[in-house]
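Record features, source TrEMBL:
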{"type": "DOMAIN", "residues": "40-460", "note": "domain 'Major facilitator superfamily (MFS) profile'"}
{"type": "TRANSMEM", "residues": "37-58", "note": "transmembrane segment"}
{"type": "TRANSMEM", "residues": "78-98", "note": "transmembrane segment"}
{"type": "TRANSMEM", "residues": "105-124", "note": "transmembrane segment"}
{"type": "TRANSMEM", "residues": "136-155", "note": "transmembrane segment"}
{"type": "TRANSMEM", "residues": "167-185", "note": "transmembrane segment"}
{"type": "TRANSMEM", "residues": "191-209", "note": "transmembrane segment"}
{"type": "TRANSMEM", "residues": "273-295", "note": "transmembrane segment"}
{"type": "TRANSMEM", "residues": "307-329", "note": "transmembrane segment"}
{"type": "TRANSMEM", "residues": "336-358", "note": "transmembrane segment"}
{"type": "TRANSMEM", "residues": "370-394", "note": "transmembrane segment"}
{"type": "TRANSMEM", "residues": "406-426", "note": "transmembrane segment"}
{"type": "TRANSMEM", "residues": "438-456", "note": "transmembrane segment"}
Amino acid sequence: MAIEEWKELENGDHGDLQNPLMPTQEEQQQNGSLQMLYLSTFVAVCGSFQFGSCVGYSAPAQAAIREDLNLSLSEYSMFGSILTIGAMFGAVTSGRIADYIGRKGAMRMSAYFCIIGWIAIYLSKESLSLDIGRVLTGYGIGVFSYVVPIFIAEIAPKNLRGRLTTLNQLLIVTGSSVAFLLGTIVTWRTLALSGLIPCTTLLVGLFFVPESPRWLAKVGQEKEFLSALQRLRGTNADISTEAAQIQNYIETMQSLPKTKLVDLLQRRYIRPLIIGVGLMVFQQFGGINGIGFFASETFASAGPSAGKIGTIAYACIQVPITVGGVILMDKSGRRPLIMVSAAGTSLGCFLAGASFFLKSHGLLLEFVPVLVVVGVLIFIAFFSIGMGAVPWVIMSEIFPINVKGIAGSIVVLVNWLGAWVVSFTFNFFMSWSSSGTFFIYSLISLMTILFVVKLVPETKGKTLEEIQASIDSQRDI
């Protein structure tokens, strides 16, 4: 695969170097007008922005909510962490829901859950209603975390799929940053109401965009399938070849027996399942949610001078670096990007671990605050450029459509379960050994590289059907 990519570069196939976020003139002529594609993607990533808003809400609201509602630290900790519990339930049901009521239907349902949750938080006068609202928003974003990248992957042409799917992660990061900054200037109740904006935008936008053509083909709505594909590719685009590929693939998949959970252990499905679950395990157990949730405390523990500077830099660095990942996604390919990202997160964790090791032994104490800030910032920068987005992109690409619902639900569930485990155990590990904690995360990042080299296929520039053929051929080797 790497040799083929190198030959493409030698032959002058450099992707979208001149204007990486927009199609070339040749692509524009081939695909017709892509305005509906971009509108559909924008509507979908409103769900991603909502995801980020929910994740970023608890940090700036903590002091005010505890004071207004007289919550103990344990009660507020429950409020913060229960989001992941709701998200796990959302993940378990997301695939089946998206298969039964469609990708648009699943996004619409998720938005309603989030709206009810935010209203419950806004009206809360005690911890119970606060927690109920948090669980409801968690359920909504649990479904969003599956259906948004799946929807984008299914509507996008192969030459734009990576970049457009990566917008999912970009809008998650943006939503979290906006919630954090907005929470410093408005009350916690007003901040909760602001969460209604992306939900309302999504609900309105869904009236104007088509359903996923692949889902329509799967459920036998042939006329609607062709209409949706034509709208997404432009009125003057020739969709006959792509439509035939999709229909042939759907017919092949539907000739197989209905998929059950145990069927995922079959040889044809086990490889993509291992890839999807493995990438999410390495993404989460590399420490992102522990380091992210407790970044301020981590900086402060290295020294008073590191706390404020590190926190501000951490908040500012994620969005521009994630934009870089969007640009690189379809230019460099998935495999190189995730391997470089994992190498960078390993280096960042090693530097942070080394700083705490020096502090514990009373060595070079004047360099400890700088070293931990640099280490954590290197970690988050390299995570944002690849490890944050690429696993979601690959998850949306590798599963056959007949198992995409149930397999995708498992992958998203593993992701949320990992997020809870890491965030819950981080402080315990730090009290055991701050340096040891970061060294463990560094080692896990190195293991990610080996996993990608051995198992993960390159999906850049391939249709979803071609990706399945590639995985099947590797399975037979």
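Each residue, glycine too, has its Cβ placed from N, Cα and C.
Note that the structure is a prediction, hence the values are computed from the model and not measured.
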Same-chain residue ranges lying at least 6 outside the transmembrane segment (105-124) that approach it to Cβ under 8 Å: 44, 47, 50, 54, 69, 90, 94, 97-98, 130, 132-141, 143-144, 147-148, 151, 189, 192-193, 195-196, 199-200, 202-203, 206
Selected stretch (most C-beta pairs under 8 A with the transmembrane segment (370-394)) from 37-58, 191-209, 273-295, 438-456: 273-295
Listed stretch, out of 37-58, 273-295, 438-456, that has the most CB pairs under 8 angstroms to the transmembrane segment (167-185): 37-58
Annotated stretches the transmembrane segment (336-358) and the transmembrane segment (438-456) touching (3 or more Cβ pairs under 8 Å): yes
Within-chain partners of the transmembrane segment (136-155) [C-beta distance under 8 Å, separation at least 6 from its ends]: 37, 40-41, 44-45, 47-48, 50-51, 54-55, 82-91, 93-95, 97-98, 103-104, 106-107, 109-114, 116-118, 120-121, 161, 164-165, 167-168, 195, 210, 212-215, 232, 392-393, 395-397, 404, 408-409, 412, 415-416, 464
Dominant neighbour of the transmembrane segment (37-58) in 78-98, 273-295, 406-426, 438-456, by Cβ pairs under 8 Å: 78-98
Touch test for the transmembrane segment (273-295) and the transmembrane segment (406-426), at least 3 Cβ pairs under 8 Å: yes
Average pLDDT across the domain 'Major facilitator superfamily (MFS) profile' (40-460), rounded to a whole number: 85
